[in-house]
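Participant: To start, I am sharing the structure in question, which I have written as C-alpha cells.
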Amino acid sequence: MAFEVSIAMSMASLLLVLSCGTAMVGPGSSANFDELFRPSWALDHFIYQGDLLELKLDNHSGAGFESKSKYLFGKVTAQIKLVEGDSAGTVTAFYMSSDGPAHNEFDFEFLGNVTGEPYLLQTNVYVNGVGNREERLNLWFDPTKGFHSYSILWNQRQVLFLVDETPIRVHTNLEHKGIPFPKDQAMGVYSSIWNADDWATQGGRVKTDWSHAPFIASYKAFEIDACECPVPTAAVDNVKRCSSSWGKQYWWDKPSLSELTLHQTHQLLWVRAKHLVYDYCTDTARFVVTPVECDNHRR
Ligand SMILES: *[C@@H]1O[C@H](CO)[C@@H](O)[C@H](O)[C@H]1NC(C)=O
Ligand SMILES: *[C@@H]1O[C@H](CO)[C@@H](O)[C@H](O)[C@H]1NC(C)=O
C-alpha cells in the first residue's frame, strides 16, 4: 500500500496529476458519479437522485457514461440494480475498453428478459481488437431486486470478473504460451443501456415492449482503485509507470493476487457448475478449432 496516493477526484486535482498515479477511491470510500464519470450520450436520459444515478431507455434513446480518466491495472466496481419487471430486449453494459482498432475490452453485459424470467450476465474479453469470448451465466440472486457489486480486477497476471466479490470468470495471462494478454493499453470505464432486441433476449425472439418503457438501470457507490493515466500519455510511459517493476509495488501486483486463491477457485467452480449456461470454449459448432486459451481454463 506504500505507494498509493489518495486523490480526491476533483477537477483541480485531476489537472495536477501530470502522469500516471494511483487514483485511490478504495473500499469504504466510494465516489459519486461526477467525481469519476461524465455522461457520454443522451444527457436527458440521466436521472440523479442523491447518491443514486439512473439511466433510462425509452423509444427515443438509451444512455451511456464514461470515466473522465483512463486506467492501466487496478480494480473498478459499480453497484448496479438492473431493470425491474419486463426488461426483454434491453442490454445494460458495464465495461472497460481502450481505444482504437486493436483495442482491449472487458465486458459485463446484462441481458434483460420478460417479467419473471432470469436476466443473463454475459462477459466477454477482447484482446487486440478480437472478442468472441462470450460466457453467459444466470445469477444466484435476482439482480433487479437490489444493488449488487460488479467488479473487474486487472493486473499483469489475470483479469478477474467478480460479482459481490465472487469470481465468475478469470482470464489468465498465458503469454508464456505465446498468447497475447491485454497489458499495455490504458482503458476507460463505461456503462450504457440500449435496445438490443435483435439478439439479447432468448436469442432475439422476444422484442422490446415499448409500452413498458422507460427501462431504468440504477447505479451507486462507484469505486476505482487503479493506476490513472491522464491523456495524452504515450502507451510506453503508461506501462512503465503502472508496472510494479521499478521499486514500487501496486497492491494489485501482490503475489497473492497473481492467481485465484484456493477459496476463489472453489467459488469459481461452484459458479461454473451451477450457473454457467454458455461458454465459448465448449461451443464446437462455432469454433472448429478450440480457441487457444481454452485449454487452460479452470473448470
Ligand atoms: C414513444 O412512446 C410513447 C409512449 O408509449 C408514445 O406516445 C410515442 O408515440 C412513442 N414515440 C415513438 C417515436 O415511437
Ligand atoms: C430468459 O428466460 C428464458 C426462459 O427462462 C431463458 O431461457 C433465457 O436464458 C433467459 N435470458 C435471456 C437473456 O434470454
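The backbone N, Cα and C atoms fix where each Cβ goes, and this holds for glycine too.
OK, TrEMBL features for this one:
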- 1-30: signal peptide (SIGNAL)
- 18-219: domain 'GH16' (DOMAIN)
- GLU105: active site, nucleophile (ACT_SITE)
- GLU109: active site, proton donor (ACT_SITE)
- ASN113: N-linked glycosylation site (CARBOHYD)
Participant: Quick one: which of the recorded positions (GLU105, GLU109, ASN113) have their CB closer than 6 Å to ligand 2?
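Facilitator: Cβ < 6 Å from ligand 2, in sequence order: ASN113.
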Participant: Cβ-Cβ under 8 Å from GLU105 (active site, nucleophile), same chain, 6 or more residues apart: which ones?
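Facilitator: Those within reach of GLU105 (active site, nucleophile), by Cβ under 8 Å and sequence separation of 6 or more, are TYR95, MET96, SER97, SER98, ASN124, VAL125, TYR126, GLY131, MET187.
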Participant: In which DSSP state, out of helix, strand and coil, do we find the residue listed as 'active site, nucleophile'?
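Facilitator: DSSP assigns the residue listed as 'active site, nucleophile' to strand.
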Participant: Among all protein chains shown, how many Cβ atoms are found within 10 Å of the Cβ of GLU109 (active site, proton donor), not counting that one?
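Facilitator: Summing over all protein chains shown, GLU109 (active site, proton donor) has 19 other Cβ atoms within 10 Å.
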Participant: Among all the protein chains here, how many other CB atoms are within 10 A of the CB of the residue listed as 'N-linked glycosylation site'?
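Facilitator: Around the Cβ of the residue listed as 'N-linked glycosylation site', 23 other Cβ atoms lie within 10 Å.
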Participant: So what's the mean pLDDT when you look at the domain 'GH16' (18-219)?
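Facilitator: Average per-residue pLDDT within the domain 'GH16' (18-219): 94.
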